[in-house]
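Heads up: the structure comes next, in C-alpha cells.
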Amino acid sequence: MNKIRCALIGPGNIGTDLLYKLRRSDILEPVWMVGVEPSSEGLARARELGLKTTSDGIDGLLPHLEADDIRIAFDATSAYVHAEHSARLTARGVRVIDLTPAAIGPFCVPPVNLDAHIGSNEMNVNMVTCGGQATIPMVYAVSRVQPVAYGEIVATVSSRSVGPGTRRNIDEFTRTTAGAIEAVGGARQGKAIIVINPAEPPLIMRDTIHCLTDDAPDVAAITASVHDMIAEVRKYVPGYTLKNGPVFDGKRVSIFLEVEGLGDYLPKYAGNLDIMTASAARTAECIAAAMRAGSAQESANA
C-alpha cells in the first residue's frame, strides 16, 4: 500500500532531524521541505535527500498540495506564524502536526492521549514542548493512580541544543508546558521551568518531575505505573531513562529522568529535540495508519 505523503515546514534543527526519522518510516513519505532562506542548510540537505524544496514559505507549498497528494504537514517554525500555516493547510484538508508552542489544536502526548485524538479526527494537534513530551507521561503516570494537586517539572537542556526559535519562544514554552501538565498530565495546577545549561561538553537532557498528591501516595501502585509508562515512551524514544525514583517524601512524588537522542541529525545530547521529533513521527504514523484503515474500509464498501 502507498505511503502517506508529508510536508515539513521549517528546515531548522527540529525539521531536519524529523526528516531523518520520517525517511525510516514504513508508512510516511516526506516529499516537501519548506523554508524562507534560500541558503538554508536544512533546505540544501533536504534537496540532497531527494525532497522537493521551496524558500518561499508556505506560499511555495500550497499550489502543490493536491498534485503531490500531501496529507500531513509538520510545522516546526514558530508559534508566531503557526496560526496562519494551520488555517491555510487545514482548509485544504491537510492534517497538521504542530511542533511549535502555538497550541491552536489540542495537546498530544502519544502514550497518554494519542488514541483519543485519532478517534476524534482532529485536523491539528500540538506536540506541546520538548519538556512536555519528556515529563507529562510521568505526571500522568502518577495522576492515573490518584489525584495530583500540583505538578512541577524542570527541564535542563544543553545550550548548544537550543536554537534561536526556541529561545524566542521561552515564555510560550513555559506557559504551554504548564497548561499541558494540567490538561494532559492531570494535575490540577502545573508549573514548568526550563534551564539552559552552557556547560561544555554539553550535557544530556535531564528532567525532574515533582507531584503533590491529595492523599498519602500509594507507593506500590505509583511505582508500577511509572515503570509501565517508561516502557511505553521507550518504544519510540529508546534513550528515555529513569535515573532515580519515584522517590516519596510525604505527599510529594519525585521522578528523575535522562533523555538521550538517537543521533539521527542532532548530537545524542540533544534529547530534548529528539523526543519532540520522535513524538511527532509517532503521532503521524498512527494518524497515517488510521487514514489507511479508513481508505481500506471505503474501498471495501464501494
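Cβ atoms here come from the backbone N, Cα and C positions, even for glycine.
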Site co-member for NAD(+) according to Swiss-Prot, given Ser161, Val162, Gly163, Pro164, Gly165, Thr166, Arg167, Arg168, Asn169, out of Asn2, Asn272: Asn272
Whole-number Å value for how far Cys130 (active site, acyl-thioester intermediate) lies from Ser161 (NAD(+) binding site) (Cα to Cα): 11
Alpha-carbon distance [Cys130 (active site, acyl-thioester intermediate); Gly165 (NAD(+) binding site)] in Å: 13
Euclidean distance between Cα atoms of Cys130 (active site, acyl-thioester intermediate) and Asn169 (NAD(+) binding site), Å: 12
